[in-house]
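Chemist: Below you'll find the structure I mean.
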Amino acid sequence: MTSASIHIGSYTSTTNGNTTVVKAPTKESLSTCLSATATTTSPLDSIDIYINTSDLPTHYDSLALASIVPSLSPGGVLSVHVVSASSSAASNESAAVDVVNWSAITTSFVLAGLKAESEQRDGSGGRVYTARKATASQSASSAAATGRINLGGAKTKVKLSLDDDDDDQLIDEDDLLNGGGGMLAPPPTIDTEARAKSNLDDCGGRKACDNCTCGRAEQEAADAAGGPNEQQSKSSACGNCAKGDAFRCAGCPYLGMPAFKEGEEHLVLKLNDDV
């Protein structure tokens, strides 16, 4: 069984002859300490990392553990020993233990792909964290659990065509024109002769039209013959009958009627109240 012991920072101790001791005096040297040692070329069954409590915040690198794990054999154990001083310096380190970030060690296990197994504490404030590297079978089962499921069926390719119009409902253009499909009704028939006859009677001018049917021609003929003139029978001395109520006198026969043009008195007199 081969093993290695890594001493970080100011930690010093004696080990047995079967263990390779590697020094990592600085935080930066932790990731390369094993690769720089020729005696650790073969995979190790166990790696023990020792560090004093006072050096943990400044000398332990959570990312460096990932560079050490490749030297560990599958199923091998890695332990981090955080040692507290046992002599007169214990009183000085006891205060430092309370502010130590212990999660840095467990975080380094996760980043290195190790499975944490145990955490032990001693009476002096030290702790030992143990983790194990996965075996080849465990790595394969983990990859299979997270991989895609293959049902073994033959792969089929689906082809889509943009010219596939089998599902389109086509409409006959002739049905839109003749109304056979019930979508458009034929336009109504216009009686052009009736429209022409109605347009012949147009008394909008100063005189009645030749084909007058509204009675204006008869009225004009009676006026020209000296017959009863409704305009002459209804008038006032003010002479403002055609201008509207604002200009009419109190005895004007056209009070309450709209203004009119000279010569159109007969049209105003024929207006009937709708109320």
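Keep in mind that glycine also has a Cβ here, set from the backbone N, Cα and C atoms.
Owing to the predicted nature of the structure, the values given are computational and were not obtained by experimental measurement.
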Chemist: Which range is it, out of 126-129, 134-137, 238-241, that shows up in Swiss-Prot as motif 'Cx2C motif 1'?
Modeler: 238-241
Chemist: Between 77-80, 101-104, 249-252, I'd like to know which one Swiss-Prot lists as motif 'Cx2C motif 2'.
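Modeler: That would be 249-252, the stretch labelled motif 'Cx2C motif 2' in Swiss-Prot.
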Chemist: DSSP helix, strand and coil counts for the region 'Fe-S binding site B' (238-252)?
Modeler: 3 helix, 0 strand, 12 coil
Chemist: If you count Cβ atoms within 10 Å of the Cβ of Cys252 ([4Fe-4S] cluster binding site), leaving out that atom itself, what do you get?
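Modeler: That number is 19.
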Chemist: Looking at the binding-site residues Cys238, Cys241, Cys249, which sits with the largest number of other Cβ atoms within 10 Å of its Cβ?
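Modeler: When each Cβ's neighbours within 10 Å are tallied, Cys241 leads.
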